[in-house]
Amino acid sequence: MSKILIRGAKVLGGEPQDVLIDGETVAQTGTGIDGGDATVIEAAGQILLPGLVDLHTHLREPGREDSETVLTGTRAAAVGGFTAVHAMANTFPVADTAGVVEQVWRLGRESGYCDVQPVGAVTVGLEGKQLAELGAMHDSAAGVKVFSDDGKCVDDAVIMRRALEYVKAFDGVVAQHAQEPRLTEGAQMNEGVVSAELGLGGWPAVAEESIIARDVLLAAHVGSRVHICHLSTAGSVEIIRWAKSKGWNVTAEVTPHHLLLTDELVRTYNPVYKVNPPLRTEADVMALREALADGTIDCVATDHAPHPHEDKDCEWAAAAMGMVGLETALSVVQQTMVDTGLLDWAGVADRMSFRPAAIGRLEGHGRPVSAGEPANLTLVDPAYRGAVDPAGFASRSRNTPYEGRELPGRVTHTFLRGRATVVDGKLA
Amino acid sequence: MLRPPGDNPRTPRHLISAADLTRDDAVLILDTAEEMARVADRPIKKLPTLRGRTVVNLFFEDSTRTRISFEAAAKRLSADVINFSAKGSSVSKGESLKDTALTLEAMGADAVVIRHGASGAPYRLATSGWIDSAVVNAGDGTHEHPTQALLDAFTMRRRLVGPDAGIGRDLEGRRITIVGDILHSRVARSNVHLLHTLGAHVTLVAPPTLVPVGVEQWPCDVSYRLDDVLPKSDAVMMLRVQRERMNAAYFPTEREYSRRYGLDGERMARMPEHSIVMHPGPMVRGMEITAEVADSDRCTAVEQVANGVSTRMAVLYLLLGGSETALPSASARTEENK
C-alpha cells in the first residue's frame with residue numbers, strides 16, 4: 001500500500017503536526033516529516049481525530065433493505081467520519097443467533113467502508129422472555145461483546161439481572177434501552193407542557209429514569225457492567241452521576257439530537273422530529289451537554305435510525321420513530337459542545353472514539369494517533385459552514401431533522417486502516 | 001383564519017386550532033353565526049353563497065352528529081357536499097392520509113372538513129403541501145375541536161348576554177367551568193383557548209388522573225372539587241367520561257366518579273340561578289350527568305346541536321366565501337324570490 005502524508009493538521013486539536021501513514025498503520029508523527037513519494041494532504045487548519053466509533057447504529061439489514069443496507073449505512077458512516085459502527089440487533093430476523101450476527105459482520109467486511117461490529121439481542125426475538133444464545137454470538141466470528149434489545153426495554157428485572165451476570169463470563173456488556181413499557185403505552189412525545197397542548201400521548205421522563213435506577217442497582221448488586229443507551233433526561237443524568245460516584249461500572253451514551261433539539265419542534269406535527277426516546281426540554285438538553293462535558297455521560301452515539309420516506313410523510317401517530325444521524329453527528333457535536341466551549345477536540349476524540357471503543361471492547365479502534373497504531377483517522381474542517389441537504393446523503397434514507405439547518409464543520413477525509421474511504425468530503 | 005393567506009404563518013385560511021383565532025376573529029365568527037341562525041328561522045333555510053363550491057367531509061372516525069352538522073351547514077350554503085368515510089386509521093386501511101388527500105384534491109374539493117383519530121392530522125393536511133383546499137378541523141385525536149368550542153361560545157353568548165345584545169361582544173368576565181375527562185378531551189383544549197381569548201375565566205374540574213401533566217401552563221384554573229366551583233359558575237360544561245377509563249385506573253368505579261364529579265339535581269341547585277349546563281354530547285346519563293339535569297331547562301345540549309349548524313355555516317362561509325359581502329339577509333331574499 002502507498003504512503004499518505006497528512007501535513008499540518010491539529011492532532012486532537014493540538015499543535016499542527018504531520019502524520020505519515022504507511023500501509024495500514026501510522027508510521028510517524030511530528031513536524032517537517034519527509035514523506036518521500038507519499039501522497040500529500042495539506043491539512044492546515046483542520047483537526048485530525050481518531051476514527052469515530054458509534055456504539056448505536058441501525059443498519060436495517062437483514063430485513064429492511066428499503067431503508068438501509070450494511071453497504072449504504074457504512075458509506076454514510078464513512079462520510080460522517082466513522083471507522084467502526086455497532087449494528088443494532090432489531091433486524092428481521094432479529095440478530096439473536098450466531099448465524100445472523102455473522103451475516104451482518106461478513107457484510108460489513110465486504111463493504112470496506114467501515115468496520116461493522118454486530119450487537120447481539122439480549123433475548124430471543126427481543127421479546128424479553130428468554131435469553132438469546134449470548135455465548136454463541138460471542139464465540140462466533142462476529143465476536144459479539146455488546147448485547148442489547150434496543151428498541152425494546154429489557155423490563156423484566158430477573159431477565160435483566162441474569163443477562164448482566166451471564167455476560168461477565170466473556171467481559172460483555174448489556175446496553176439497555178431504558179423505557180418502562182407500562183408508563184409509555186401509546187406514548188408519542190415527551191410528557192409535559194407541549195404534549196398537554198398538542199394532545200399527543202406522553203412519554204414521561206420517569207419511565208426512563210426508573211429503569212436506569214433499577215439497572216444501576218442491579219449492576220452493582222451482581223458486579224457487572226451496564227451501559228445505558230440514549231440518555232435523554234436531566235434526571236437520568238443525576239442517577240448516572242450518583243452511580244458513578246459509588247464506583248459502579250456504569251456507562252452511558254447521548255445522541256446528537258438530544259444535545260440539540262427540544263420537544264418544541266413537535267408543535268409542527270412533522271414526524272421527522274418523532275424519535276424514541278423523544279425530544280425533551282431545553283433544561284434536559286442543557287443537563288445532557290453538561291454531563292457529556294464532565295464525563296458523566298461517556299460517549300456520543302448516533303442511534304442512526306433510517307426510515308423510508310412514506311413512514312415519515314404521514315400523520316404523527318402513524319409515523320415511525322427515529323432519525324438518521326451518522327452524517328451529521330460530528331457537526332452537531334461541534335455546534336453543541338465545541339463551539340460552545342464545553343468540550344475541546346481532545347474531548348471530542350474521547351467521547352466519540354476512545355470511550356465508545358473501550359465500552360465495546362473494540363480492538364483496533366479508539367487508539368491514539370501515534371506511530372504503530374492502526375491508521376483509523378478522521379480529518380475535520382471545523383471552519384466549514386453549510387446547510388444540511390438530505391439529497392446528498394450517502395444513507396439510503398433521508399429522515400433527518402436538520403434539513404436546511406446550517407451546521408458547522410465537515411469531515412474531509414476518513415481513513416480505514418490506511419485506506420481513504422472519504423476524500424475531500426466525498427466517498428472514495 | 002380570516003386573515004389573507006400569508007398573514008397568519010401558521011395556518012392561513014384554515015381552521016385548525018382555536019388558539020389561532022384572535023378575539024376579533026372569534027367575535028366575527030359568532031356574529032356571522034348569529035346571522036346564519038336567523039336564516040334558520042326562515043321558511044326557506046338556504047343561501048346561495050357557496051353555490052358551485054365543493055365541501056368534502058373526510059371522516060376517519062365515526063361521528064355521525066358532527067358529520068351531519070357540517071353537511072347541513074354546507075348544504076344550507078348551497079355547497080356540493082361529498083361525504084368520504086374512511087373509518088379506521090390510514091395505516092390499517094393501507095392508504096395513507098396523503099394519498100387520500102391527493103384523491104380529494106383531484107376531485108376538486110374547495111374545503112376539506114376532517115375528523116381524524118390522530119392528533120395533528122388536520123395540521124399535517126393543511127401544511128404539508130399535499131393539497132390547496134381549505135382545511136377545517138372537525139376533531140383530531142385528543143388535540144382540538146375548534147368548531148365545537150365556537151358553537152359552545154355562541155351558545156354561552158346567546159344565553160348569558162343575549163342573541164341581539166351579544167352582537168360584537170365577547171364573554172368578558174364570565175366564569176365557565178369544564179368538568180370531566182380533560183386529559184383525553186379535544187373539546188376541553190379548544191374551549192380553554194377560545195374562552196380565554198374571549199375574556200372568560202375558565203376552571204377545569206376533574207380527578208387529578210384526568211388532568212394532563214403540563215396543564216399549569218394553560219390559561220385557566222384547575223380544581224379537583226366540583227362543589228367548590230359550582231356556586232361561582234355562569235356555565236358548567238360536562239364532558240363525557242368513557243366507562244373504559246376506569247379499567248386504566250383513571251378512577252376506581254363509575255359510581256365513585258359519578259358521586260364526586262357527576263352533575264345531579266342537588267348539585268345543579270347550588271349553581272347561580274342564571275347559570276346554564278352544557279354538554280357537547282353524546283351524554284352518558286347516569287355517569288357525568290343525571291337524566292334530571294340533562295332534561296332540565298338549564299341544559300343546553302339540544303340547543304348546542306342547532307347552534308352547531310349556524311356556527312359551522314359561519315366558518316365555511318368565512319373560509320370559502322370571504323371575498324363576497326356577508327349580508328345573508330339580502331342574499332336570502334334573492335333566493336326566496338326565485
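Counting begins at 1 with the first residue displayed.
Keep in mind that glycine also has a Cβ here, set from the backbone N, Cα and C atoms.
Because TrEMBL annotations are produced automatically, they should be read as predictions rather than curated entries.
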Further Zn(2+) 1 ligand in TrEMBL, beside A:H56, A:H58, A:D150, within candidate set A:D298, A:D303, A:D311, A:D313: A:D303
Candidate sharing the Zn(2+) 2 site with A:D150, A:H230 (per TrEMBL), from A:H138, A:H177, A:H257: A:H177
Chain-internal residues, separated by at least six, CB under 8 A from A:R60 (substrate binding site): A:S67, A:E68, A:T69, A:G73, A:T91, A:P306
Shell list (Zn(2+) 1; ref centroid = CB of A:H56, A:H58, A:D150, A:D303; cutoff 8 A): A:T57, A:M88, A:G151, A:C229, A:H230, A:A301, A:T302, A:H304, A:A305
Confidence summary (mean pLDDT) of the domain 'Dihydroorotase catalytic' (A:45-233): 98
Chain-mates of A:D150, A:H177, A:H230 with C-beta within 8 Å of site centroid, Zn(2+) 2: A:H56, A:M88, A:S148, A:G151, A:A175, A:Q176, A:A178, A:Q179, A:C229, A:N276, A:P277, A:D303
Among A:H58, A:H230, the one of these binding-site residues whose Cβ has the fewest neighbouring Cβ atoms within 10 Å: A:H230
Tertiary neighbours of A:H307 (substrate binding site) (same chain, Cβ under 8 Å, six or more apart): A:S67, A:A320, A:G322, A:S397, A:N399
Position of peak Cβ density within 10 Å, selected from the binding-site residues A:H56, A:H177: A:H56
